[in-house]
């Protein structure tokens, strides 16, 4: 005896999905809120052996955070203490809310540069010059509002939107920003007084003009750069030469920033203390207030808010983009995955609470996070030690900070961001991959040098979206054929290595494979290409003459007469996971267009994956059975509500314990073929389980089941291309358009219609 099992896998009903969602809603809410505090998951499993790595990384990072924070505050146009305030709050909060062990939140060069560009517009306003607005109000307003918006993005789980910012846009933005920062620090390094908040090319030109005015600051700044780069490249060489001393060399290399600042500060103190001069011969920071003198509830003035509101979206995009880029990169290097929305939440909370401590907007730092990772950090707790070092700096070392030379501080800034500037190798790599990638990268890079930094974010992101939309509107597709030597293997006729060995599956059969989702922006393109292929490989099914479309200007020749008529179309939709309404209408129109071209009924065969939206769309269009509503060439009757057993609605409900199985068997001793109809429905979508269909034991006891064939209940749906092609070929071999063979015949396998006849005979014999 043989058995054919027809699997029915209709989409779950909306009511079932809603009930499943409501049933699991409490667990989802619990998971949502527990995920907001990652520390409660990893802290109980903290190992004491990790303490050494966290302590070493914390001390190393603290030695970098203090000078960089003050330097970046000066870059933004603030006093040095504002940088320390910002870095303090980030290091305190991140261990509780962050999902990366490497990230350090605080002041960054790029965000400070943008804040400085915004501050230039505020500084020239009448309210600021009259004292109505203060720099403190500006800093806290920007921190508070950008934090609120960022927190809202996290709560609404909109972090996925930032996946649309492509890597070339980020790389170009970072490189252009790095070069902009270097140019903006040149006047301070050389000790010339020009407007360094102007566009970069103007700053560079004015710096060259003012070179004759360079002071002793130039000597300090240039020597600081020589030290910084000398130590960097010397340590790189020594690490290769003496690999067994790589660890101490690494820590010495990391300390080069603090060493140069300590040395130049000590030299500055000697000159100013024992030189008996009225003012310093070179620029110094000046008095730095100790402690959190400006801590308090942030004061947000409506007129100031109106002035800065246009910059807030750019500020938020910049903060999130910079943070997520470095956290994702470091997570991949250390084999862990960050939660983007949780990282965005940590930025938002840092800036909201930071506004109470007079901080300005801060985010994850590229440089410091990379150093933290290389220092052997094990958990985010290293940030707590960094916070302690920042507090010590605010309360203990502020008297010494006033003697830090501004030129050496500018050298530290310029040196820190040069790693962001990429060279010609990256340009060539983008070009070789795809010229459009280079265009996006170059747009971000160049725009940074000629205008505000926020515009260099929007333009490349816009370009990347345009490129992506174009690619989606003109996606890849393939015309499939099979190998003569291996008939079950199918390749594109344009395959770079196998294309010359690929042959059509059969005369008059077109195998078309869309390689993107069928959606509104590309569905017309796909079906136009399908019609082009049909017209290229087949001829019309009737004499053109009077019925030829007026727009068909191509002349028929003898070769066209030798072409076969179109018999069947195989759509390989294994790459398609979504099909929207536009594609739904287009494929129905394509059916009518093909049949007008062929002059007869043309069957459509579909190779599907496990996508329920695609299956649902095809069933709604009637492609499951392809029964006509009216007339020979009318639209198909919808198969969406078609079931194998239509007794009542209850038969179609989801069974929580598994699929419902119905079968029919013979009561007599006769060994006959049996068809088993198995209604397989998926469990609710929230239950992430995999169901394996079990073939019921149909038939009488002791009966031998020689072969079992499992096929789709809808005769035009297939799992593999080989099954679809064999069914098409078998159907044409029969020469009967109405009889459809839905799968390659196995031994003793029978068709659905034949089995019904056998069942009637069994019922009659049982009745007798």
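Heads up, the Cβ atoms here are built off N, Cα and C, so glycines get one too.
In TrEMBL this protein carries:
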type: COMPBIAS; residues: 645-656; note: compositional bias 'Acidic residues'
type: COMPBIAS; residues: 666-675; note: compositional bias 'Basic and acidic residues'
type: DOMAIN; residues: 507-623; note: domain 'STAS'
type: REGION; residues: 627-675; note: region 'Disordered'
type: REGION; residues: 748-768; note: region 'Disordered'
type: TRANSMEM; residues: 48-70; note: transmembrane segment
type: TRANSMEM; residues: 82-98; note: transmembrane segment
type: TRANSMEM; residues: 105-122; note: transmembrane segment
type: TRANSMEM; residues: 142-162; note: transmembrane segment
type: TRANSMEM; residues: 169-190; note: transmembrane segment
type: TRANSMEM; residues: 210-229; note: transmembrane segment
type: TRANSMEM; residues: 250-271; note: transmembrane segment
type: TRANSMEM; residues: 304-321; note: transmembrane segment
type: TRANSMEM; residues: 380-397; note: transmembrane segment
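For the domain 'STAS' (507-623), the DSSP counts in helix, strand and coil order read 50 helix, 20 strand, 47 coil. Only residues 6 or more beyond the boundaries of the transmembrane segment (142-162), in the same chain, are considered here, and those with a CB under 8 A from a CB of the stretch are 86, 115, 118, 298, 300, 305, 308-309, 312-313, 315-317, 319-321, 324, 340-345, 347-355, 359-362. Mean model confidence for the domain 'STAS' (507-623) is a pLDDT of 87.
Here the transmembrane segment (48-70) has long-range neighbours at 80-81, 83-84, 86-87, 91, 104, 106-107, 251, 254-255, 257-258, 261, 285, 288, 365, 367-368, 371-372, 375-379, 381-386, 388-390, 393, 397, 401, 404, 409, 412-413, 416, meaning same-chain residues at least 6 beyond its ends whose C-beta is under 8 angstroms from one of its own. Within its own chain, the transmembrane segment (169-190) has Cβ neighbours under 8 Å at 75, 109-110, 113, 196-197, 200, 203-204, 206-207, 210-211, 214, 217-218, 221-222, 225, 283, 321-322, 325, 366, 406-407, 409-411, 413-414, 417-422, 426, 440-449, 453, 456-457, 460-461, 463-464, counting only residues six or more beyond its boundaries.
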